[in-house]
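Just below is one structure, and these are the notes that go with it.
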Amino acid sequence: MAPATEAAPARTYDDEAAYVTVDDAHRVRVARGFVPNMRVDGVVYVNAALRALVLEELAAYCDATAHRGGGYSPALKQIANVAALPGVVGASIALPDVHSGYGFAIGNVAAFDVGDETSIVSPGGVGFDINCGVRLLRTNLTEAEVGPVKEALAQSLFDHIPVGVGSRGIIPTTPAALEAVLEMGMDWSLREGYAWAEDKEHTEEYGRMLNADPSKVSARAKKRGLPQMGTLGAGNHYAEIQVVDEIYDEFAAKKMGIDRVGQVCIMIHSGSRGLGHQVATDSLTAMERAMERDGIEVNDRQLACARISSQEGQDYLAAMACAANYAWVNRSSMTFLCRQAFAKMFGKPPDELDMHVVYDVSHNIAKFEEHMVDGEMKTLLVHRKGSTRAFPPHHPLIPVDYQYTGQPVLIGGTMGTCSYILTGTEKGMRDTFGSTCHGAGRARSRNKSRHVLQYEDVLEKLKTKGIAIRVASPKLVMEEAPESYKDVTEVVNTCHDAGISKKCVKLRPIAVVKG
Amino acid sequence: MPTTELEGVAHEVLPKREPRAKRRRRDGSDGAETRTTSERDGGDEGESGGARADAREGFEPIARVTRYAPEREDGGPEAETRAEESEDEIRARRGVKYEYKDHTADIQIHAWGDDLAEAYAWAALGMFDYMTPLEDCVGAPQMRYREIRASGHDLDTLLFAFLDELLFTFHTEMLICTAVQVCEFNRDAWTIRAVVGGTTFVDGQTRQGTEIKAITYSAMKIIERETSTDAEGHRAELFVIVDI
């Protein structure tokens, strides 16, 4: 029963590395044969510096003595395992922030041809935190106005938004309301007065996936989701007050309502909380049965999947859509709370502060999209796990406001580092199914961070940078320290240089609220 | 487990309980054997809270977290003394049978024991300890108990279901487990029945760790040995990655 990849690595590091060849300055290719049954190649977008990190992970995996019985598949193996799934087209693509995940690597994109009846949908390609994503709000405030009150503002945000382990939402919900949330997504938020009509316009899918069917979400998932609505969560989730540090593309920035350096924005990074986690967990169990029945073989148990056309596949997609709707409502509820906190602080209603949603992206999701494959237009089910959609200008699925700029792509940095707004490009549409990176991507394990870093040092460092921080768990500060992550600038530059997305705005944090 | 038939219905028979003093031996780090049962509701035992008798009849945990009290030479604050020891050292002295191994994005829990039931139980405690420091929770005046049932079709799915059930209980009932008793570990039907004891997580009061989102099958490994062959002498051990 042990998946094939878990057998003791018989090949040495040199043997393994021979499959990994450098395509150009921004790409490496993982050739077929790296793992059994690969149908397409793996393509990894990394520059020289990030390439070293990816290979380091592979080296650690080959060094059997290092992990004494434990160990896990490195990202490169996982990318290759995805390239072995039925129905995969083009390539199994990884973005510069890629690192080892479970099933799919984090930062992995794969598309499956809907026209091919053997094609699959995999919850492992979406992740446990379904529709985890980033939302950016702008304001008409400047750093000069917010700077003096940032400590108070950070405290206010921390008081308004429930964060951390075991936190409960403060917006009252009933089981009946939850059903409506799952079905309607942000239309529910709008109806209940927690969102503005314009917010929907600037959200992927307009904040509502239409194939959502709440009856496909288990009672367990609903039970977990009910108390957590409107909570930030823990881990790498955060709410940050940021200021515009640099504008690379004035035209595009202006379209987003960002017109000067020093302008204050708010970034919210969160997902579908326990509801999404439970939907993913439940589906793994259901899909195992489907795999046995349909004779689907995969290299890793966490890659449980089902044919798109099968009952299990359809059920998962309907439940995933519900979780996605929940996540949008969750981010909308926190947007509401942020607007309240700012309004109280500055004594003006949120609309006078111009607190509009710039955009809201999903970076853990599977969607049906039209793409060109070998000169032919095909409907694909694109899985993006730790990867952001980045559609080019004039694409019909992006809002009117961004038709000339391309879709805004929000890249959350890590605690204390910069964040970016990028825009989608034609090249990305051709090469990566219109996808780009999603964040910095971890470089160091959580455990190592806790041992190497000191809580006080990390906080001191943030303080010297002038960043106010409110955090529920000290342990998390070490795990989430910037030192644990790759350099987000390096990641974004690689995507920019490779042409799969374009840099637009750089943001720098002045206050962080975390689990 | 033996069964008996009453009015045509088969009932499971609980094993005969051992005398209380004998049962306490397992965790008697501070001479708990000498205490009488009347002390069991006294809530002022502080440091030795983990070693006190359980209020629930028949609760006989195979794995439990006890409070580790460092020796205080100068009577200084406990936290200071604690900071000098690494997490692993503290864990070893507390006698827990789990550790956290490196994983880029998530956490790999390594748990072990004399048999699989014990390893499963420690894995569960390892999971809770990551979400909140368990030693804060032991010895709470209000112990809660709950029965957990899970089923699968092999060892992997059983472990997955067991941990998922506990995680679900935490997220819905806010129960933090500090002790686990495995009552039934059935390899024919692939079911597990356990009784867990712990306290309620109170938002704003209980110290926060890192939230665990889900259990994964990723690189899951469950190892059983006929005879103890590895260096540490574990008969059973397991590795499970949980999603942060």
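Glycine too: its Cβ is placed from the backbone N, Cα and C atoms.
Annotated features in Swiss-Prot:
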BINDING   A:ASP129, A:CYS132, A:HIS237  Mn(2+) 1 binding site
BINDING   A:CYS132, A:HIS269, A:HIS363  Mn(2+) 2 binding site
BINDING   A:236-240, A:363-364, A:412-415, A:SER419, A:438-441, A:LYS514  GMP binding site
ACT_SITE  A:HIS438  active site, GMP-histidine intermediate
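In sequence order, the binding-site residues from A:ASP129, A:CYS132, A:HIS237, A:HIS363, A:ASN364, A:HIS438 that place a Cβ under 8 angstroms from a chain B Cβ are A:ASP129. Measuring Cα to Cα from A:ASN236 (GMP binding site), the binding-site residues that fall within 10 Å are A:HIS269, out of A:ASP129, A:HIS269, A:HIS363.
Residues near A:GLY441 (GMP binding site) in space but far in sequence (CB under 8 A, at least 6 apart, same chain), listed by position: A:PRO96, A:ASP97, A:VAL98, A:HIS99, A:ILE106, A:GLY107, A:GLY386, A:TYR485, A:LYS486, A:VAL491. Here A:ASP129 (Mn(2+) 1 binding site) is compared against the binding-site residues A:HIS269, A:ASN364, A:THR414, and the shortest C-alpha distance is to A:ASN364.
Annotation note: A:ASN364 (GMP binding site) sits in a strand segment as assigned by DSSP. Taking the binding-site residues A:HIS237, A:HIS269, A:HIS363 in turn and counting surrounding C-beta atoms within 10 angstroms, the largest count is reached at A:HIS363. For A:HIS438 (GMP binding site), the same-chain residues lying six or more positions away in sequence with a CB closer than 8 A to its CB are A:LEU95, A:ASP97, A:GLY107, A:VAL134, A:HIS363, A:GLY386, A:SER387, A:THR388, A:ILE411, A:GLY412. Listed in sequence order, the residues A:ASP129, A:GLY133, A:VAL134, A:HIS237, A:SER270, A:GLY271, A:VAL361, A:SER362, A:ASN364, A:GLY412, A:HIS438, A:GLY439 complete the 8 Å Cβ shell around the Mn(2+) 2 site centroid, once A:CYS132, A:HIS269, A:HIS363 themselves are left out. Of all the binding-site residues in the list A:CYS132, A:HIS237, A:HIS269, the shortest Cα-Cα distance to A:ASN364 (GMP binding site) is found for A:CYS132. Distance from the CA of A:HIS237 (Mn(2+) 1 binding site) to the CA of A:HIS269 (Mn(2+) 2 binding site) is 5 Å. Note: the CA-CA distance between A:HIS237 (Mn(2+) 1 binding site) and A:THR414 (GMP binding site) rounds to 9 Å. The binding-site residues A:ASN236, A:ASN364, A:THR414 differ in how many other CB atoms lie within 10 Å of their CB, and the one with the most is A:ASN364. Long-range C-beta contacts of A:ALA239 (GMP binding site), restricted to its own chain and to partners at least six residues apart, with a cutoff below 8 Å, comprise A:LEU157, A:ILE161, A:VAL163, A:LEU232, A:ILE266, A:MET267, A:ILE268, A:HIS269, A:MET334, A:CYS338, A:VAL512, A:VAL513. Around the Cβ of A:CYS132 (Mn(2+) 1 binding site), the same chain contributes A:HIS237, A:HIS269, A:SER270, A:GLY271, A:SER272, A:GLY276, A:ALA327, A:SER362, A:HIS363, A:ASN364, each under 8 angstroms and 6 or more positions distant in sequence. Under DSSP, A:HIS237 (Mn(2+) 1 binding site) is assigned to coil, being neither helix nor strand in the three-state scheme.
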